[in-house]
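Note sheet for the following structure.
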Amino acid sequence: MSEADQLKALRVRIDSLDERILDLISERARCAQEVARVKTASWPKAEEAVFYRPEREAWVLKHIMELNKGPLDNEEMARLFREIMSSCLALEQPLRVAYLGPEGTFSQAAALKHFGHSVISKPMAAIDEVFREVVAGAVNFGVVPVENSTEGAVNHTLDSFLEHDIVICGEVELRIHHHLLVGETTKTDRITRIYSHAQSLAQCRKWLDAHYPNVERVAVSSNADAAKRVKSEWNSAAIAGDMAAQLYGLSKLAEKIEDRPVNSTRFLIIGSQEVPPTGDDKTSIIVSMRNKPGALHELLMPFHSNGIDLTRIETRPSRSGKWTYVFFIDCMGHHQDPLIKNVLEKIGHEAVALKVLGSYPKAVL
């Protein structure tokens, strides 16, 4: 058989497979519509039916990855199913999601990675505004950055948890790649100013010192804002990601300029609904201890003695008084698990205040 005949036969087979895939996706979408009908009919009329279930989404994606036999890798297969699930959920109830804007930020990329591209995304000017939108019920969920592998905790987010009564419903980790972007009219040999968010400038400090040591570095509210500015300036460049480059029509003068090759940011999904256990969860808490010697040791001992893994601990000044502090702690497990429940009870007896921010599925993607 000639090469042309072989290719023709393969394309006919691919076309047939595409038709089968189309039929199955359509059947899945009709099932999603039926789920919406059943939930709406049985839900109390005074309340809005809940269609998005974080624990169910996490289980489906993990199940798909367990069943996958290749040649696509597990994450790529999960991303495909994430988009199918996002589209089907939009038939039931389009999700409204707030994130730290403007368009083109890593926060938007994190929102789309977690919820898929069928959500109604709403950019906000500040992290606190994302919290306020969720508390007010203007959106179903918010996406906020909480820590970076290079620069550490995002203090604006931690402080917002002290001010708002809100639930953590999930997490998403995003690999961060920074590029040096320029516009069509930029004279690349005459760049005198580089815009970016302060954290991004810090994450690319060594590269900038080596390649643009005498160029002014200007911190702005977001990388997307940096990209917008560069579009209209001939003597400036921006440090931002792929989404901002595509959105604002910029070219990459240099790619992946972050100082550390493994540079990622963790984002939290905030909302109002408690998430049931999945068997692979994290719990986030805020604790305020009495100001006395050994307070931190006393706080951590119940976790250690019960073999519970702590994945993060941060300290922030308390708003209640001078020289008092609160601890933000993430641990493995769900607050309904008997072991975690017992530890929290022990801590609660010694703490000035203890608040469970939420238990949620560990990031799948």
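Cβ from N, Cα, C; glycine included.
Under the heading domain 'Chorismate mutase', Swiss-Prot lists 1-96, citing sequence analysis as support.
Here Swiss-Prot flags R11, R28, K39, E57 as substrate binding site. All protein chains shown were included, and the count of other CB atoms within 10 Å of the CB of K39 (substrate binding site) stands at 14. Mapped onto three states, the DSSP output places K39 (substrate binding site) in helix.
Under the heading domain 'Prephenate dehydratase', Swiss-Prot lists 97-272, citing sequence analysis as support.
For T265, the entry in Swiss-Prot reads site 'Essential for prephenate dehydratase activity'. All protein chains shown were included, and the count of other CB atoms within 10 Å of the CB of T265 (site 'Essential for prephenate dehydratase activity') stands at 23.
Taken from Swiss-Prot, the feature domain 'ACT' covers 284-361.
Calculated from their C-alpha atoms, the gap between R28 (substrate binding site) and T265 (site 'Essential for prephenate dehydratase activity') amounts to 33 Å. Between the CA atoms of E57 (substrate binding site) and T265 (site 'Essential for prephenate dehydratase activity') there is a gap of 21 Å, rounded to the nearest whole number.
Of the listed binding-site residues R11, R28, the Cβ environment within 10 Å is emptiest of other Cβ atoms at R11.
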